[in-house]
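Heads up: the structure comes next, in structure tokens.
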Amino acid sequence: MAIINMSDLDLQGKRVLIREDLNVPVSNGVVTSDARLRASLPTIELALAKGAAVMVMSHLGRPTEGEYNSEFSMQPVVDYLAKALSCTVRLATDYLDGVEVAVGEVVVFENVRFNKGEKKNDEALSKKMAALCDVYVMDAFGTAHRAEASTNGVGLHAPIACAGPLLAQELEALGKALDNPARPLVAIVGGSKVSTKLTVLESLSGIVDQLVVGGGIANTFIAAAGHNVGKSLYEADLIDEAKRLVANAQSRGGDIPVPTDVVVAGEFSPTAAATLKAVNEVGDSDMIFDIGPDSAEALAKIIESAGTIVWNGPVGVFEFDQFGEGTKRIAQAIADSKAFSIAGGGDTLAAVDKYDIADKVSYISTGGGAFLEFLEGKELPAVAMLKQRGA
């Protein structure tokens with residue numbers, strides 16, 4: 001089932017409603033990080049260039065649903081877009097019963113979460129949104145894993161529902177990495193807990209050639225290998241699960257390597273003194289915060305030989321420089337690799353920024369939860385809806 005792409009449609013004179021992910025941090029009425037806004041501009045500009053009357057909607061923050069709260073207003077986003085686009089951009093507060101929009105202008109709807117029923121994918125609300133447009137464009141990969149009125153329901157009732165360029169690009173990159181990857185396929189999964197990434201680890205251990213774990217997740221695997229992890233964050237109840245994942249990977253000719261050396265400290269703080277130890281020398285009062293240089297080099301070699309790299313999560317507490325060398329080495333190896341690489345997840349993107357490798361990663365995913373659910377092998381509700389409407 002093919003998904004209809006916005007770029008293939010004739011939009012001349014059409015009312016086009018675009019769902020973007022414009023959920024950006026705002027301080028004192030000013031947008032403080034504009035990455036998502038910049039990512040959405042090409043889609044809005046393309047719709048304008050195609051002669052459409054453009055309406056844009058998004059959520060912003062977590063207001064109480066159904067209640068207006070000026071703290072979560074889209075006004076700062078409107079102010080930003082008004083400067084970035086060479087056309088009229090205005091905010092519409094009461095839009096569900098109809099809104100005037102002319103060809104060549106952009107109307108931004110007030111925060112969709114001010115509407116009661118948004119999160120529950122309310123059918124009456126979805127139909128009201130759908131009645132506003134000739135074409136609905138889903139372009140918000142970051143919210144594609146949520147079945148809500150503005151991301152799912154509206155698309156089921158709109159005359160035409162299609163994928164915007166940003167969403168299409170995202171799905172193409174993820175498909176390239178997971179559906180038909182150049183081998184060896186290497187996945188790096190970091191983060192603090194195995195429990196939050198268990199389904200990702202299970203899904204990936206069945207398709208990747210090499211699975212690398214880092215951060216707090218690695219501590220559980222270190223414990224599963226029989227080593228002391230001291231006072232480190234780990235999940236004792238998931239040790240058997242970790243052993244099963246290792247056995248699963250090895251049965252396919254892969255592995256989940258455990259670090260041979262680690263960086264430890266006695267406390268979690270920006271000023272904690274870092275000590276390098278062999279993995280079998282970790283003491284009862286030690287906390288593991290990073291992989292050591294030997295382990296980092298071993299992982300860099302795995303990355304160098306990869307055909308495809310999927311990166312989700314740092315391998316240490318890189319926010320503190322003394323525990324950032326492992327993640328820095330991984331980032332450098334990915335940057336130096338000629339493999340197709342995709343990075344996603346908030347902490348990962350922070351590491352990409354910190355080590356300045358954004359232009360060296362083949363594709364940077366805008367989705368956090370959606371990226372994870374895609375890695376888990378789940379079909380995202382927004383994608384299922386677009387396939388249904390494209391059939």
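Cβ coordinates come from backbone N, Cα and C, glycine included.
What Swiss-Prot annotates here:
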- ASP21, LEU22, ASN23, ARG36, HIS59, LEU60, GLY61, ARG62, ARG113, ARG146: substrate binding site (BINDING)
- LYS197, GLU319, GLY345, GLY346, ASP347, THR348: ATP binding site (BINDING)
> Which of these binding-site residues has the least crowded Cβ, counting other Cβ atoms within 10 Å: GLY61, GLY346?
Replying inline: GLY346
> Can you check what DSSP calls GLY61 (substrate binding site), collapsed to helix, strand or coil?
Replying inline: coil
> In Å, rounded, how far does the Cα of HIS59 (substrate binding site) sit from the Cα of LYS197 (ATP binding site)?
Replying inline: 26
> Can you tell which of ASP21, ASP347 has the most other C-beta atoms within 10 Å, given these are the binding-site residues?
Replying inline: ASP21
> In terms of DSSP three-state secondary structure, what is the assignment for GLU319 (ATP binding site)?
Replying inline: coil
> When you measure from the Cβ of GLU319 (ATP binding site), how many other Cβ atoms are you left with inside 10 Å?
Replying inline: 14
>> If you count other C-beta atoms within 10 angstroms, which of the binding-site residues ASN23, THR348 is the most crowded?
In response: THR348
> Where LYS197 (ATP binding site) and ASN23 (substrate binding site) are concerned, what is their Cα separation in Å, rounded?
Replying inline: 24
>> At a 10 A cut-off on CB-CB distances, which of the binding-site residues HIS59, LYS197 has the highest count?
In response: HIS59
> Distance between GLY345 (ATP binding site) and GLY61 (substrate binding site) at the Cα atoms, whole Å?
Replying inline: 18
>> Suppose we draw a 10 Å sphere around the Cβ of ARG113 (substrate binding site). How many other Cβ atoms does it contain, all chains included?
In response: 24
> What does DSSP call GLY345 (ATP binding site) in the simple three-state scheme?
Replying inline: coil
>> Going by DSSP, is ARG113 (substrate binding site) sitting in a helix, a strand, or coil?
In response: helix
>> Can you tell me the CA-to-CA distance separating GLY346 (ATP binding site) and ASN23 (substrate binding site), as a whole number of Å?
In response: 13
